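Since the structure comes first, as structure tokens, the remarks are kept for the end.
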Amino acid sequence: MFIHKQEKMPQRKRTMDSPQEEDVEVKKKATEVEYVVRSLASDEPAPFSDEALAITTREAVDYSKKITLAMAEANEAGRPVRIYADGIYDLFHHGHANQLRQVKKMFPNVYLIVGVCGDRDTHKYKGRTVTSEEERYDGVRHCRYVDEVYREAPWFCTVEFLKNLKVDFIAHDAIPYVAPGEEDLYEKFRREGMFLETERTEGVSTSDVVCRIIRDYDKYVRRNLQRGYSPKELNVGFLAASKYQIQNKVDSLKSKGIELLSTWKSKSDDIIRDFIDTFHKDGGLNAFGGRLKGIMSMSRSPSPSPHEGSPTGIEHHLETQDEEEEEEALEEEKVVEQKIVEKKEVVKKRSSRNKAKTPLEY
């Protein structure tokens, strides 16, 4: 346990040097001394009733004076009030813990004894349990609200049994439990003024937990087969085990197929986006084609000799082409002029020969 202490601050005294404060009360924030005691859970499990610690505690109890309900509520018993609660506590769950918590909080100072029924009586009167009696004993004794555990508690509890344990009160819910010769097992404790009523936790019980397991039986069997349990350990036949294994394979393929489709969807989005970027009018392919055309047109024209002030690129190519065409035209004109001159010479020679001939030659 730990103790938290807050100290009270001293008040300021009046002085003669401040007469203006004589008729004014000086108030200062102060807190009273408070001791907050909180019990912490033990790091040891609760003892069994036949162990030395429980026996010593029981023998030290003065059971000669009957503890009434009023005395217990007012914490006037002079010792911890001993309360007994019993049950099967199969598959110990929060509904069981809530019942024991309610009992522990009945009075300011409670010593809680929990009786756990053994397998023999439980199987006889209620049916088979999921966990064994030893597992149920250990499950209860590790609950923080429990001070002592009574193993193989009687199925039909009696007043004499409680007195032997020096129990002051017995706690249970208000549902009647039929016993041989009795309509309600706990009615006699009501008459003795020893009965305390607890409330059941709605929505949870051992039967509900078992019902959930049965409802989803196939899922749990398939899961445990995947985890390495053998069909024999699960009490499953060969055909049933084969069916579950096939179902597991089918589910695995479905899962992989869904994953593949999801991956393909994301990849297809990327492919479509790349296609649009490539073949769009402003895309990469058209830009590449434009660059390729420019390169090919430049490769077909002679490279200009680089000098300062000379045109470059397409302009230079066009200027060069015009100059070549002009030179070719001049050459053709020269050839034509030369042919005309030659033709004139031939005509002159023929005319001179004709003049030199006599008439007899004709």
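Each residue, glycine too, has its Cβ placed from N, Cα and C.
Here Swiss-Prot flags 1-25 (among others) as region 'Disordered'.
Among the features that Swiss-Prot reports, compositional bias 'Basic and acidic residues' is placed at 1-16 (among others).
Annotated CTP binding site per Swiss-Prot: 88-96, Lys126, 172-173, Tyr177, 200-204, in sequence order. Around the Cβ of Leu91 (CTP binding site), the number of neighbouring Cβ atoms within 10 Å comes to 19.
With a 10 A radius on its CB, Trp155 (substrate binding site) counts 19 other CB atoms from all the protein chains. If you look up Swiss-Prot, you'll see Lys126, Trp155 marked as substrate binding site, on the strength of similarity to another entry.
Swiss-Prot lists 296-362 (among others) with the feature region 'Disordered'.
Each residue of the compositional bias 'Acidic residues' (321-331) gets a DSSP state, and the totals for helix, strand and coil are 11 helix, 0 strand, 0 coil. What Swiss-Prot records for 321-331 is compositional bias 'Acidic residues'.
Summarising the annotation, Swiss-Prot assigns compositional bias 'Basic and acidic residues' to 332-345 (among others).
The annotation compositional bias 'Basic residues' is assigned in Swiss-Prot to 346-356.
Tyr177 (CTP binding site) and Trp155 (substrate binding site) have their C-alpha atoms 11 Å apart, to the nearest angstrom.
The two recorded residues, Lys126 (CTP binding site) and Trp155 (substrate binding site), show a Cα separation of 10 Å.
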